[in-house]
Amino acid sequence: MLEAKELTCARDERVLFSQLSFTVGAGNIVQIEGPNGAGKTSLLRILAGLSRPESGEILWNQTAVGRQRDIWQREMLYLGHLPGVKGVLSPLENLRFFHPDCSDEQIFDALDEVDLTGYEDAIVAQLSAGQQRRVALARLWLSQARLWILDEPLTAIDKAGVEKIMSQFASHAGRGGSVILTTHQDLPDQQDVVRKIRLTAEGRDECW
């Protein structure tokens, strides 16, 4: 279980959120909401261990993540708002790099899940923004991490792709995994199982 305890985040002397606390357990899908500038990306980076809060701490299974970095890196997958893939490599080469323990068959299957069959050997820099995003999202079919932290994973993805990715989120949660995401897109109607946390300058405003 992930526990955020009394997190405060400030940028350029402006408090983005203060005393923010919540938990994310096995099987949870949590959407972080809020207006632009509320600190959604900053929160995800703090949760992933890429930034430090002004105060507060992150616990994973009741232990501070800073005390178990190696375990945390295995248990957590972070995908930022940029695709985060290597433009000079192909989709196949990217996934081999990020998931060296996976077979080519597994990688081809993952690329098929995100509709990139036929693009395995293309240069990523020559793909569209949506295709580059899907190369990154193919990692969701390969990762063994229990917690996924995803910043705008649905950007440049069409409606059918959104539904498939949300289905993968649900499958991951059904296996006891957890998902934390931000998105500006409306989620499919059937995804009423998604918990929502809304950020304001005072921290968590609403959670349901």
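The backbone N, Cα and C atoms fix where each Cβ goes, and this holds for glycine too.
According to Swiss-Prot, the features are:
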| type | residues | note |
| --- | --- | --- |
| DOMAIN | 2-206 | domain 'ABC transporter' |
| BINDING | G34, P35, N36, G37, A38, G39, K40, T41 | ATP binding site |
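The structure, with features from Swiss-Prot marked on it.
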residue	record	CB count, 10 Å
G34	ATP binding site	19
P35	ATP binding site	10
N36	ATP binding site	6
G37	ATP binding site	13
A38	ATP binding site	18
G39	ATP binding site	26
K40	ATP binding site	26
T41	ATP binding site	17
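In sequence order, L16, S42, L199 are the residues of the same chain, not among G34, P35, N36, G37, A38, G39, K40, T41, whose CB sits within 8 A of the CB centroid for the ATP site.
Confidence annotation: the domain 'ABC transporter' (2-206) carries a mean pLDDT of 91 in the model.
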